[in-house]
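One structure is given here, and the rest of the page talks about it.
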């Protein structure tokens with residue numbers, strides 16, 4: 001059994017070693033951790049069985065010796081008068097007790113420790129824990145969830161109950177604190193206090209929570225509350241040196257505030273109201289619109305616009321393959337024209353593509369607009385891989401299908417990109433095409449700019465994960481087996497800035513997509529230029 005478990009563990013290690021860190025960016029890779037942990041539990045249970053068997057032997061020996069020594073000690077000389085008893089005493093002390101010593105000293109934990117030590121090389125890192133915590137906070141902000149809701153696991157579309165303990169919530173707050181995110185530190189440390197006050201058992205103490213919380217509210221400008229929390233901390237732990245120093249510092253600042261002249265009163269009035277904190281100003285100008293659309297709010301699909309949207313059978317410019325079996329086409333938006341196609345990929349094709357892509361998944365990157373260098377970014381949380389037609393016949397088949405549907409050639413298109421989104425996986429608002437003020441992103445390809453995007457949804461998503469267009473007020477929800485298509489460039493070759501779009505954070509579920517980006521070269525006669533710059 002030990003050999004079997006070790007071999008199985010090593011098989012999982014082989015998978016995990018290819019993944020390396022950043023597990024939180026791909027649910028597909030996190031599933032490997034589930035199975036690895038399951039095997040680790042099996043190894044632990046085997047260790048427990050061995051320890052229990054060993055302890056059972058020791059207990060049996062102890063009980064036997066207790067009965068024997070009680071009898072022999074009651075009449076030592078009478079007991080030893082029997083020569084057999086004398087022999088057995090000598091034998092026990094010379095042979096049996098050393099054998100028991102060997103049993104006690106047996107290190108049955110060695111196998112388990114060896115397995116654990118090997119596997120720890122492939123465990124998630126501090127970066128993963130921080131990334132997963134930030135993902136939960138991203139979901140908290142985007143979908144307006146309070147920490148209590150998340151802690152209770154009350155999320156839409158969930159199949160399994162999952163709750164955060166006091167220690168889990170403390171970990172969330174500490175991760176935020178270490179990132180200098182005092183807004184979320186306060187929210188999560190307050191949740192910790194609520195659960196502690198409710199009587200939940202934990203290793204985390206109120207003193208620890210108040211230590212973080214008092215400094216966080218101070219950083220948010222709430223001096224009065226920082227002082228009150230510090231006093232609470234000292235009432236619980238009078239010997240807390242840092243709290244003592246902070247108390248004196250806060251009292252000094254408060255005294256200086258009280259001594260402000262009337263001319264500076266306006267400044268004092270502008271201080272943060274006690275206990276009320278606002279989310280910091282974000283770097284993304286359209287943040288509010290983007291997040292509203294992710295929640296299904298603010299969609300500008302008016303009745304008038306809806307009347308211009310239709311469903312039809314699409315024959316792909318009368319391609320022979322589609323004349324026999326046309327695709328169902330549905331208008332998602334009128335201008336720019338965004339369409340959805342149904343039954344583009346079968347379940348079998350999807351599973352095969354995921355199977356091929358999974359070993360190749362790596363953290364998705366973005367191209368720095370100033371340097372042109374590919375780099376990871378916090379606003380794109382997913383893993384992706386690129387599939388060639390030689391990888392499997394299904395890739396070539398899907399490529400041909402996209403060519404027939406769009407009427408564009410795939411000869412100059414990019415490889416099929418497969419992406420899997422992790423915890424709170426997202427891709428904030430971006431353009432698929434290269435802008436004039438950037439380095440020529442696609443110069444090395446020699447095929448021009450990205451003229452069109454074909455996005456395949458390869459999974460349903462229980463909650464979240466929409467594709468939204470902030471400038472349009474459009475939101476498109478994932479449906480397994482469907483695909484959406486739009487042109488990134490006007491017929492003049494100029495970029496259509498209305499196509500700025502985003503992949504909303506996945507609230508519940510596992511999101512798989514694949515992208516095919518068509519380029520300008522080769523499309524000259526398939527999508528001719530327009531007569532004006534705005535065509």
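Glycine is treated like the rest: Cβ placed from N, Cα and C.
Keep in mind it's a predicted model, so treat the numbers as computed, not measured.
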Item to check | 430, 432 bind Fe cation per Swiss-Prot; candidate in 404, 501, 519 listed for that same site | outcome: 501
Checklist entry - If you run through the repeat 'TPR' (207-240) with DSSP, how many residues end up as helix, strand and coil? => result 27 helix, 0 strand, 7 coil
Next on the checklist: Give me the CA-CA distance between residue 430 (Fe cation binding site) and residue 511 (2-oxoglutarate binding site), in Å, as a whole number.
Outcome noted: 19
Checklist outcome for this item: In this predicted model, the repeat 'TPR' (207-240) has a mean pLDDT of 96
Next on the checklist: I want to verify one value. Collapsing DSSP to three states, which class is residue 115 (N-linked glycosylation site)?
Outcome noted: helix
Next on the checklist: Could you check which of the recorded positions 115, 432, 501, 511 is the closest Cα neighbour of residue 480 (N6-succinyllysine)?
Outcome noted: 511
Checklist outcome for this item: residue 432 (Fe cation binding site) and residue 511 (2-oxoglutarate binding site), compared by Cα position, are separated in whole Å by 19
Checklist entry - Inside 8 A of the center formed by the CB atoms of 430, 432, 501, which other residues of the chain have their CB, for the recorded Fe cation site? => result 427, 429, 431, 453, 488, 499, 500, 502
